[in-house]
Amino acid sequence: MQITEVKHYEEMSKKASELIINRIKQMPKTVLGLATGSTPEGMYKELVQAHKNGEISFSNTTTYNLDEYIGLPSEDKNSYRFYMNDRLFHHIDIPLEQTNVPNGMASDLTKECKVYDESIRQSGGIDLQVLGIGVNGHIGFNEPGTSFETGTHVVQLAPSTIHANARFFASEEDVPKQAITMGIQSIMKSKEIILLISGAKKADAVFQLLHGEVSEIFPASILQNHQNVHLIADEAALSKVKENGMRSLR
Ligand code: F6R
């Protein structure tokens, strides 16, 4: 795992956007895997700005989002489709039909999961996947205990995830209890991964990610087995690792 330490959230966002821009410049047909949540918001702002400055076109790029809540229509401001349109897609030149977010309103969710995996496969697979991490080590919505062998599937959200995400909803009761997520297997098939982590509340998770055993109890630990992960983390997120002596895993 390649580790880049940055000072703060803004630097993490800038660095991540630069990596994505360079990648798309090298390969305009890049298939991007994207995340939602607080962590990548700054990165999306940087990408929108770069596009507005004429620095980058996304017209040949295809995107696949990691996850979506079940039961929220795309117009709901808490759906991840709404988030992606609002933070990125509506401000860049990517045709919306090249953007993919699992459909949490599908009547047949099992079929939706299969179709999503098949679509990723037909696109040639994800070239560059952006990930955040939950305080409990989840990636996508693969909660602790999820098998490492899963493709896209339906999950029950962990109480800690519902609690963490309640900040976006009127109350904790309003947070959907289920979601569709790309599986660990889908994520591990990505050719390259950028993992973004910011803030002291993630310091324990970063420590476990780098120093813990590879175990389904802490889903992100599987990233130790991926050949091309670039962790970009700020000082606060790396604080516990640094207390214990930073080491690179590769
Ligand atoms: C979101 C996702 C999640 C988040 C994680 C961290 O699409 O897949 O795994 O990356 O919950 O969320 P934030 O960034 O809000 O701390």
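Count begins at 1; order follows the chain as displayed.
Cβ from N, Cα, C; glycine included.
What TrEMBL records for 11-228 is domain 'Glucosamine/galactosamine-6-phosphate isomerase'. As annotated by TrEMBL, active site, proton acceptor applies to ASP67, HIS138. Summarising the annotation, TrEMBL assigns active site, for ring-opening step to ASN136, GLU143.
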Those active-site residues in ASP67, ASN136, GLU143 whose CB falls under 6 A of ligand 1, listed in sequence order: ASP67
Reduced DSSP assignment, HIS138 (active site, proton acceptor): coil
Local Cβ density at ASN136 (active site, for ring-opening step) - other Cβ atoms counted within 10 Å: 19
Reported mean pLDDT - the domain 'Glucosamine/galactosamine-6-phosphate isomerase' (11-228): 97
Proximal but sequence-remote residues of the same chain as HIS138 (active site, proton acceptor) (Cβ under 8 Å, at least 6 apart): PRO144, ALA158, THR161, PRO219, ALA220
Alpha-carbon distance [ASN136 (active site, for ring-opening step); GLU143 (active site, for ring-opening step)] in Å: 8
